[in-house]
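A.B. asks: One structure, pasted below without further comment.
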Amino acid sequence: MRSHLVKPGSVYDGIEPGELGESTESVQDRVRQLESRNSFLEEQCSQIESEKRYLENQKIKYEREIRKLQSELDRMKTSPLIIGTVIDVIKNDRIIVRSSNGPQFLVNVSQYIDEKKLLPGAKVALNQHTLAIAEVIPSTEEPFVAAMEVIESIEVDYDQIGGLDEQIQELQEAVELPLIEPERFARIGIEPPKGVLLYGLPGTGKTLLAKAVAHRTNATFIRVVGSELVQKYIGDGSKLVREIFEMARKKAPSIIFIDELDSIAARRLNETTGADREVQRTLMQLLAEMDGFDKRKNIRIIAATNRPDVLDPAILRPGRFDRLVHVPMPGIEARGKILKIHCGKMTLAGDIDFKKLAKVTEGMSGADLKAIATEAGMFAVRKDKALVEMEDFLEAVEKVSMAADTQKMMPGNLPETTMFV
């Protein structure tokens, strides 16, 4: 029997009620399947779009990399430039330069170069074909020379140096005061000493004094060992000396400390070898720099040597090293002060008698006294003690004394009258 809800002539006319329910359920299933399929396709579409964006980013990245590599390739294919030096500046953008090969040329200048930088002596890059100035090369320091500048703060002060009060005062007057309070000298009408030579036996504190000066002044401190100025090739040592003083002028106020001065300033002899002649060239360059036509107002020189007897007389004359400071072996009072300084951070027992230690260390240098303090601490560590006792110091004195006696018996330290058979 037909349902009264079905109108005649409708799409459902002729369909039984059961059949209509079954058809509705199948349509709903089909709709759910289509919706699920649609969600899956939307996810796929979103994933594809994400991959597309990633590939586009990768494309941009690789294109940028290609441009970078192409630029580097073009740069590597660029013809090299010739290094030259400006000799003179002429009007109408014309410059006289000397190429690295030696001859001089009158060349043009690029309009993009600042003319203020084109001073005589400036390094420039020249076009290989036209020799026109392409760019001005900034002046650079020799790495070997730049490494001589002491950048780190040196933790050594005058209160850590015992028994050298007079030497400290002379060093302050000759080095510190001219840099810190130059008006004192101007008021009196004198020029301060230009150089100070510290001389004395090894281990007496010459280098320590120089370190204290570096700590107390805000000046640029340039440390040079004399043997570093002795170079293999002709002219290299003289060039280093020039560049050291040039750096000192640029970074003034500055202090140049030359350790082991006797290695380059030994007395000149008539009979010399090729190596000796190169050392003499370096010495002559040092003498020329110390004299100079320009006054070294803010540059002070300190030198140290164990052998003042072998120095060339030319370097000791007034105007070069004006003040000679003898750093002697410490006396009994000075030895006591030095021992107290080196034992300042040590955990000591109450029986330490510094006066007695100063007496039994007769003839020892400051370096020997520091070795005694270290050895005493080592004896205490060996015995697993909590404190360093007097007996540890006495054992250390004996050990250091034996080492010093052994060193004196070595062939290089024997008197000149000693002969070996």
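Placement of Cβ uses the backbone N, Cα and C atoms for every residue, glycine included.
What Swiss-Prot shows for this protein is this:
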BINDING   Gly203, Thr204, Gly205, Lys206, Thr207, Leu208, His342  ATP binding site
COILED    22-79  coiled coil
REGION    1-25  region 'Disordered'
A.B. asks: Just checking, which of Gly203, Gly205 (binding-site residues) has the fewest C-beta atoms within 10 Å of its C-beta?
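C.D. replies: Minimum Cβ neighbour count within 10 Å, taken over the binding-site residues Gly203, Gly205, occurs at Gly203.
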A.B. asks: By Cβ count within 10 Å, point out the most packed of the binding-site residues listed: Lys206, His342.
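C.D. replies: Sorting the candidates by Cβ neighbours within 10 Å, the top entry is Lys206.
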A.B. asks: If the ATP binders are Gly203, Thr204, Gly205, Lys206, Thr207, Leu208, His342 per the record, what's the largest distance between their Cα atoms, in Å?
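C.D. replies: Largest pairwise Cα separation, rounded: 17 Å.
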A.B. asks: Have a look at the binding-site residues (Thr204, Thr207) and report the one with the fewest Cβ neighbours inside 10 Å.
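C.D. replies: Least crowded of the binding-site residues Thr204, Thr207, by Cβ count within 10 Å, is Thr207.
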A.B. asks: Suppose we draw a 10 Å sphere around the Cβ of Leu208 (ATP binding site). How many other Cβ atoms does it contain, all chains included?
C.D. replies: 20
A.B. asks: Return the average pLDDT for the coiled coil (22-79) as a whole number.
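C.D. replies: A mean pLDDT of 88 is what the model gives the coiled coil (22-79).
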A.B. asks: For Thr207 (ATP binding site), which DSSP three-state class applies?
C.D. replies: helix
